[in-house]
Structure formats: structure tokens, C-alpha cells
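First comes the structure, then the notes that go with it.
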Amino acid sequence: MRTLWQHCHVATMADGRYSAIEDAAIVTSAGLIEWIGPRAELAPVEADRTVDLGGAWVTPGLIDCHTHAVFGGNRSGEFEQRLQGVSYAEIAAQGGGIASTVRATRAASEDELFASAHQRVQALMRDGVTTLEIKSGYGLDLANERKMLRVARRLADELPLTVRATCLAAHALPPEYAGRADDYIAHICDEMLPALAGEGLVDAVDAFCEHLAFSPAQVERLFIKARELGLPVKLHAEQLSSLHGSSLAARYQALSADHLEFMTEEDAVAMASAGTVAVLLPGAFYFLRETQLPPMDALRRHGVKIALASDLNPGTSPGLSLRLMLNMGCTCFRMTPEEALAGVTVHAATALGLGDSHGSLQVGKVADFVAWQIERPADLAYWLGGDLPKRVVRMGHEISN
């Protein structure tokens, strides 16, 4: 079906800029953008349907390129403890922290995980999200990582959005491998990844490169295996310290390196050369009350593409609003509203390996877009909360009005 969408203004986000078109029209057909431009330049078109957008601003559908949306349990009690002065180490010694989420996730059935994740993902969708990534990483064994990734696939099947599933088995050391990190990495490489990839459950491979998680050498073993399996890689890097994990990610042409508060100029140069996207996660920065800022000037100076994401997870960023992350990116990291919007559209698409099909409003790309009740694109980063989406369109079909 061919649809003409008109009486709107468009921020195409081509090349990471607003690239605004006033009084625009969009023609969609077969799920793709067939034509876009000033309405005055549109030749007569035979449309099956014409939609008047009432002067709304239209942007690409938002893309949340880093989430841990599938998990069991709830850690709000730990939030209260931390506000009362209990340290993370003390909470962990009590059996809390990521270990508590692993226990709850392992104990939950696939249907239970699906039901809770479904609610969280729907909250993101109400904010204009049409594409998101979901990581595993709270199962930490084959059966439970499979369970999490199956939930991600089910969400893609049952909700009108695009989901990319990332295997993050190298998120933390499971209790049964305490003190044996090398053995656990070998288990992931020899058994878990081949099995999960063989079942078609994995779109990318991620790891957590930190002193409290896995070393660069261990991560590299994982990357080598991912490359053998034909899977792209991503990396949690430089969140708490500088191990040059982002440079390691760049050497393996990673789609992205994420967090990056402690990255160096050398890391930025490597990422720029490899085309690796810097995914910044202001929700975790805010929630943990961190003080070390990502090196924004170095990222800009070397032309590294910058994305933003919610990092939705139960321990460090229980954020259900990607639009809130736009504001946090501006207020916490000194991004411009234009940079922030590019960070959840065109650059987020690149961070998921979808840059050729998603993330900007251009002829031939997927017709995912949002019509917003705003006066200008900067409003998306300006307003805190509120119901701003007027219509959400995925593959040329309205999913919200």
C-alpha cells in the first residue's frame, strides 16, 4: 500500500544533522520510503491513503541501541541501601548486586521473563522507540542465556518493532566459575556461543571489559571466536577504569564500544579509524552519581560517531524513557540537542549494524518514523516527560495514534 504523509516538518537526520525540511511530504510503499522532500516538489502521486500530520515534526523512529531489558527480579531495595550509605561491596557481600539478578533470572521461566520484559519494552515504545537491542548476560550458563535470547526473539515476533539480540555471556563470572575466569571464557567460546549462534539467537557478541569483570586478553579470545562464527562484536569498556578496551574493540572492527567515561585520546583515534560507534549511557552515569565524564572533545575532534542509549537494567540504569536520555546526554555530557537526536537515530542504527536501512529518513530506507507534538526538534531533549509522540509509524504502518 502506498501512503502519502503530508502537512509536516521533517528532521531527516541524514549525516547526523537535522537536515530539516519545512512543509514536507513523505511517500511510503512496501515498508520503505519511496519519496521525501518539500511538499511543493512532489509530483502527483496515486496514493491508497493520505495522512494529514497536522503540522507535526517528524523524526526517524528512535533506536535504543543498548538495553538489558530481559531480567528477573527487582533491585529497588539495593537503591534504598545505597542512598543510606551502604557500599556496593557491602551489598555484594550480602548476595546482592548482579548476583541477585542472575539468581532471579535463572529462577524465572521463559514466560515470566517475557511478561516482565514485554511491559518494559512497551514503555520504551510509547516514547517513540521502533528499534532496540536486547542483551543477555544474566543467565551466565547455556540454558539461561538461551532462555533470555529466546525472549528477545519472542518480543520481536509479538511486538511491532525491530529487535537485535546480543549475547553478553561475558557479563560477569557465574558463581560456579568463581576464581576461574579463563575457564568460563573457554566455556563461552567452546560451547555457549557455537550453540546459541547455531540456533539463530545471536546478532552480535558483547563483553564487559573491566578489572571486576574480564581482562582485555580474555575479551580478545571471545572476539576471535565471534569472528570465526561470523558475528559482529561490541564491548562495555572504560566505564570504571582505563584498560583500552575501546581500542581492542576497534581492532576487531566492533560495531560499538559503550560507556567510555575513562577512554583516552588514543582510544578515540582507534575508534574513529575503525568506524566504531561510541555509545554513551548517561542513565548509568546519573544513577550511580559518577563524576568522570566521557571525553566529548576528543570524540568530536576525531569524528567518532556518538550514540545514546538507555542501558535499561535493574542495577545501574532502570530507565524506561529514551527521551529522558536525550536530556541527560545534553545536561550531563554537554551534547547538543542535535547530537543527542542523532545519537538515538542515525548513529544508534550504525551501532547495531543497521545503518544502511534504519536511522534516517531517506529514500530506500525503512519507513520507521515518529510524528511529534513539538515546536522544534530540540524540544525532544528539552522536555522532561510528557506524552509527545503523536503517531508512531513502523514500516509504513501506524502502530500508535
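In case you wondered, yes, glycine gets a Cβ from its N, Cα and C as well.
Under the DSSP three-state reduction, H66 (Fe(3+) binding site) is assigned to coil, being neither helix nor strand. H66 (Fe(3+) binding site): 31 other CB atoms within 10 A of its CB, across all protein chains. Marked as Fe(3+) binding site by Swiss-Prot on the basis of sequence analysis: H66, H68, H236, D311.
What Swiss-Prot lists as Zn(2+) binding site is H66, H68, H236, D311.
Taking a C-beta cut-off of under 8 angstroms and a sequence separation of 6 or more, T316 (4-imidazolone-5-propanoate binding site) has the following same-chain neighbours: G283, A284, F287, L288. Under the DSSP three-state reduction, T316 (4-imidazolone-5-propanoate binding site) is assigned to coil, being neither helix nor strand. Residues annotated as 4-imidazolone-5-propanoate binding site in Swiss-Prot: R75, Y138, H171, Q239, T316.
Annotated N-formimidoyl-L-glutamate binding site per Swiss-Prot: Y138, N313, G315, in sequence order.
Each residue contributes its Cα atom, and for R75 (4-imidazolone-5-propanoate binding site) and H68 (Fe(3+) binding site) those atoms are 14 Å apart.
Within 10 Å of the C-beta of Q239 (4-imidazolone-5-propanoate binding site) there are 25 other C-beta atoms, taking all protein chains into account. Of all residue pairs in Y138, N313, G315, the annotated binders of N-formimidoyl-L-glutamate, the farthest apart have Cα atoms separated by 12 Å. Note on H236 (Fe(3+) binding site): other Cβ atoms within 10 Å of its Cβ, all shown chains, come to 31.
Listed in sequence order, the binding-site residues from H66, H68, H236, D311, N313, G315 having a Cα within 10 Å of the Cα of H171 (4-imidazolone-5-propanoate binding site) are H236. Residues H66, H68, H236, D311 make up the record's Zn(2+) site, and a Cβ search at 8 Å around their centroid adds T67, K135, D258, H259, L281, A284, A309, L312, N313, S317 from the same chain.
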